[in-house]
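Taken straight from TrEMBL:
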type	residues	note
COMPBIAS	1-17	compositional bias 'Polar residues'
DOMAIN	62-418	domain 'Major facilitator superfamily (MFS) profile'
REGION	1-49	region 'Disordered'
TRANSMEM	56-76	transmembrane segment
TRANSMEM	97-114	transmembrane segment
TRANSMEM	126-145	transmembrane segment
TRANSMEM	157-177	transmembrane segment
TRANSMEM	183-203	transmembrane segment
TRANSMEM	215-236	transmembrane segment
TRANSMEM	256-273	transmembrane segment
TRANSMEM	285-304	transmembrane segment
TRANSMEM	324-349	transmembrane segment
TRANSMEM	361-382	transmembrane segment
TRANSMEM	388-407	transmembrane segment
Amino acid sequence: MAYNQPDQPQLGGTSPGDQEKEFALPSKESPLNEDSAKDSNDEGSSDDASASYVQGLPLACVVAGLTLAVFCLSLDRTILATAVPRITTDFNSLGDVAWYGSSYLLTTCCFQLMYGKLYAELHVPYVFLIALAIFEVGSIVCAAAPNSVALIMGRAVSGIGCAGMLSGVFIIIALSLPVHKRPIYTGMIGGMAGIAEIIAPTLGGALTDNASWRVCFWINLPLGAVTAVMVFLFVKPPRKSGETKAIVPLLKSMDPVGSALLMPLLISLLLALQWGGTTYSWSNWRIILCLCLFGVLLLGWLYVQFRLGDEATLPLRLIRQRSVASGMIYMLGINGAVFIIVYYVAIWFQAVKDLTAERSGINFLTSSTSVSIASVLSGVLVSKIGYWVPQMFFSVVVSSIASGLIFRYDINTTTAYW
């Protein structure tokens with residue numbers, strides 16, 4: 001469903017009334033819903049549109065399947081934090097630590113925009129199930145990995161599936177629920193992600209100490225199977241109106257040139273950041289080459305996005321919207337801070353404090369619990385008051401203070417402090 005976005009006021013020139021209109025969630029009588037109703041009338045009657053929403057037991061099953069999917073993704077994202085020291089010991093691969101997380105996030109980033117186009121053109125449940133299958137294949141590769149390179153490749157494959165699942169969860173929520181109910185269920189799903197982050201380090205440490213770090217990946221299979229059944233049986237969105245594009249036009253519409261440039265672009269940057277100051281000095285020709293290659297590929301990618309317009313992987317008209325651009329920058333900063341803490345504090349617990357993997361996971365419970373509680377409360381507050389900006393400001397302030405305190409960790413840091 002598409003509608004024209006209102007002109008965004010210029011930064012710094014909004015009055016309190018304008019800000020209230022900009023940041024408030026739409027009510028049942030808001031123009032957004034009027035536009036939605038008009039769009040629904042174009043496809044059929046408004047009664048038919050409301051009838052397409054999922055209710056009762058099917059809704060419970062859909063939400064259960066989606067929360068399991070998010071649980072699985074969140075678990076896979078942080079469960080390795082406490083297992084990484086054991087993995088590096090088994091594979092003698094301390095230099096690959098950053099790639100165990102980065103390879104997963106790299107492919108997630110590169111393919112997420114592409115999945116958005118697939119969801120727009122193809123039947124939503126089928127795209128989601130294909131992404132889930134790719135994620136499970138990557139988990140199997142990781143679980144059976146004979147060396148560090150295979151593990152990194154498996155993580156990259158899992159990231160491709162993760163990209164489609166992340167997009168699909170929120171698209172399915174949008175198709176299954178009316179606008180005014182979505183924040184509540186989005187908060188529930190965010191809470192499940194928080195719960196996964198609570199137990200992931202502890203679970204990863206327990207499995208690593210008592211079984212094997214490989215079990216951290218095997219557990220994705222039954223969770224994914226349950227999600228697949230729920231989505232296949234109960235997600236029944238209306239079929240796309242009009243004819244589906246043929247394979248060749250569909251592939252062309254997915255910006256193959258931009259997609260081909262994006263991954264080497266990010267790999268060049270990651271290699272420079274990974275090698276710089278450790279494997280090679282920052283003045284080494286390899287680092288300079290990687291940074292130059294990153295700059296050239298970035299310019300090429302931006303040129304392709306500009307030339308393709310609305311057909312680009314990342315249409316520039318979206319970035320021109322202040323809320324979208326600021327949201328992207330916000331998530332870049334928050335996630336960058338979170339993953340540094342998750343992976344390297346776990347190594348600090350085991351390498352500096354000489355704790356077991358299980359114990360280091362238990363030590364993460366304090367931060368993980370606060371993440372879960374804050375996620376649920378934020379979703380409830382947004383649904384009640386209609387504003388999300390205060391929560392975003394509050395989280396940045398608290399995260400900055402916490403990061404500053406973590407920066408002061410040393411071998412003499414007490415339990416009360418960390």
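Any Cβ shown, glycine's included, is placed from N, Cα and C.
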The domain 'Major facilitator superfamily (MFS) profile' (62-418) [mean pLDDT, rounded to integer]: 81
Highest-contact recorded stretch vs the transmembrane segment (215-236), from 97-114, 126-145, 157-177, CB pairs under 8 Å: 126-145
Beyond the flanks of the transmembrane segment (157-177) by at least 6 residues, Cβ under 8 Å: 52-54, 59, 62, 66, 69-70, 73, 76, 103-112, 114-116, 118-119, 124-125, 127-128, 130-139, 141-142, 185-186, 189, 231, 235, 237
Selected stretch (most C-beta pairs under 8 A with the transmembrane segment (324-349)) from 97-114, 183-203, 361-382, 388-407: 388-407
The transmembrane segment (361-382) and the transmembrane segment (183-203) contact flag, 3+ Cβ pairs under 8 angstroms: yes
Cβ contacts under 8 Å made by the transmembrane segment (388-407) with residues that lie 6+ beyond its boundaries: 23, 330, 333-334, 337-338, 341, 345, 367, 374, 378, 381-382, 417-418
